[in-house]
Amino acid sequence: MAVTDHVDLPTFIEGVKKRNPGQPEFVQAVQEVAEDIYDFIEDKEHYHSEQILRRIAEPDRIISFRVCWEDDNGNVRVQRGYRVQNNNAIGPYKGGIRFHPSVTESVLKFLAFEQTFKNALTGLPMGGGKGGANFNPKGKSDREVMRFCQSFMTELYRHVGADVDVPAGDIGVGGREIGYMFGQYKRITNQFTGVLTGKGLEYGGSLIRPEATGYGAVYFLLNMLKTRGEDLVGKTAVISGSGNVATHAAEKIVQSGGKVLTLSDSQGFIHDPDGITQEKIDWVKAHKTKRRGRIQDYVSEYKGATFTAGKTPWGVPCDVALPCATQNELLGDDARLLVKNGCKAVSEGANMPTDLEGVHVFKDARILYAPGKAANAGGVAVSGLEMSQNSERRSWKEAELQQLLLDIMEGIHTSCLTYGGVAGEPGYTDYVRGANIAGFKKVADAMLAYGVV
Ligand SMILES: NC(=O)C1=CN([C@@H]2O[C@H](COP(=O)(O)OP(=O)(O)OC[C@H]3O[C@@H](n4cnc5c(N)ncnc54)[C@H](OP(=O)(O)O)[C@@H]3O)[C@@H](O)[C@H]2O)C=CC1
Ligand SMILES: O=C(O)CCC(=O)C(=O)O
């Protein structure tokens with residue numbers, strides 16, 4: 001007779017904590033999902049008896065490796081690299097690579113777990129993975145970054161492949177790093193395949209991949225506002241971060257008629273009451289990706305703006321907020337302040353930027369709140385389209401890709417509406433619940449088809 005381990009939610013979370021000691025980010029991500037899934041599967045015994053959530057919260061495998069490289073002064077440096085392959089029930093593992101000193105196994109496990117649901121939401125056949133290293137590209141020369149990337153790929157190449165696991169960029173990994181890693185993969189394997197996405201257009205990259213995450217987060221925001229008969233015209237936006245996601249989100253807000261008031265980096269935020277225009281966004285993009293400077297330099301360039309050191313921008317009154325920097329950058333008190341100041345909608349460009357307390361503040365206030373796994377899925381979606389183009393050995397036109405991105409974001413929004421309803425509150429959507437359940441259901445049903453594996 002089968003023994004059904006049908007534990008309740010608190011016991012399940014206790015088990016996750018015990019099995020993953022010292023991994024708070026991973027436990028947080030699992031808890032946020034489990035709160036919704038437990039409710040959904042209450043009357044669906046097969047998900048319990050087949051231990052589906054327990055299995056999704058246990059990565060298929062975690063690869064950890066030494067990355068040695070030589071700096072410009074001839075010193076040998078040693079870093080730790082990882083690839084977390086969380087789940088490939090619906091397609092090859094897919095997810096970015098992060099180079100940042102804060103990278104730990106816990107951070108990459110939470111990102112790979114979230115990615116599993118996000119990728120399912122896109123409707124494309126992609127499983128969930130994430131990788132990275134505790135390497136800080138800041139202050140390193142191009143040659144140092146190249147040597148690090150080559151060394152990283154010298155181990156990673158044996159674990160990835162166009163139909164196995166397809167990494168891409170994330171914090172600290174942009175076009176430069178992807179180029180170095182793709183070059184090394186090609187050199188080692190003698191194969192030109194779609195093993196990475198976010199590639200340069202000259203060697204198999206897709207149009208609009210750089211823009212896709214930030215643009216997608218704004219498309220999702222527009223979809224949410226539309227349910228209340230609103231748009232972005234004349235609305236003020238507070239954005240954190242000043243990297244790929246933040247600058248492209250800012251660009252799309254401006255194109256949609258909104259006014260962007262802030263950007264930030266790990267040292268503080270700038271507030272420009274005149275609005276951060278397209279010309280100013282272009283300056284920030286060049287400053288961060290070419291000159292590799294700091295956001296505080298903005299105030300020397302654009303008078304009237306202020307820089308606040310060591311703080312996040314959530315105290316600046318706004319209509320909409322887009323956290324686009326990193327995990328846990330928006331805490332319970334920040335969420336309360338945003339709501340108090342009249343913020344109507346939050347769309348997460350970053351992964352898990354709001355802590356669990358903040359999530360509950362937004363839900364309780366009944367504002368429009370989109371979690372990263374739904375709102376920032378545009379990036380990985382266009383990565384999926386890059387994979388398709390590589391398989392076909394073709395490059396699709398920009399207009400076609402723009403339309404596909406719009407359609408995919410609208411589709412994710414519809415999935416959230418389908419599963420995010422709250423009893424007794426017609427018209428209100430809990431987007432966190434909707435995204436968690438829609439993502440879970442797709443992955444879970446594929447897992448059920450495979451039996452116990
Ligand atoms: N790139 C993509 O396509 C996707 C990215 N995301 C998520 O979006 C977020 C941003 O990624 P992306 O824009 O690509 O990365 P970038 O490296 O381009 O930019 C990261 C930005 O976040 C800031 N930041 C990083 N760490 C911290 C920190 N601890 N505190 C405050 N600010 C910090 C950086 O500041 P500084 O320069 O000082 O480090 C920088 O402004 C991440 O959560 C990522 O996982 C999600 C989906 C896809
Ligand atoms: O494009 C990709 O594969 C990865 C994007 C990513 O890392 C993310 O969605 O968080």
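Cβ atoms are placed via backbone N, Cα and C, with glycine included.
Predicted, not measured: the structure shown is a model, and the values here were computed from it.
Record check: TrEMBL places Lys94, Gln115, Lys118, Gly169 at the substrate site, and the matching candidate among Ser383, Ser388, Ser391 is Ser383. Long-range neighbours of Gly169 (substrate binding site) (same chain, six or more residues apart, CB within less than 8 Å of its CB): Gly96, Ile97, Gly175, Glu177, Ile178, Gly198, Asn244. The substrate-binding residues named in the record, Lys94, Gln115, Lys118, Gly169, Ser383, extend over a maximum Cα to Cα distance of 16 Å.
In this structure, Lys130 (active site, proton donor) is part of a beta strand by DSSP. Proximity to ligand 1 (Cβ under 6 Å from any of its atoms) holds for these recorded positions out of Lys118, Lys130, Gly169, Asp170, Thr213, Asn244: Gly169, Asp170, Thr213, Asn244. Restricting the recorded positions Gln115, Lys118, Asp170 to those with a CA within 10 Å of the CA of Lys130 (active site, proton donor) leaves Gln115, Asp170, listed by sequence position. Cα of Lys94 (substrate binding site) to Cα of Asp170 (site 'Important for catalysis'): a span of 12 Å. In three-state terms derived from DSSP, Lys118 (substrate binding site) belongs to a helical segment. Note: the substrate site is recorded as Lys94, Gln115, Lys118, Gly169, Ser383; in the same chain, Gly95, Gly96, Asn119, Met126, Gly128, Lys130, Ala168, Thr197, Gly379, Val380 also have Cβ atoms within 8 Å of that site's Cβ centroid.
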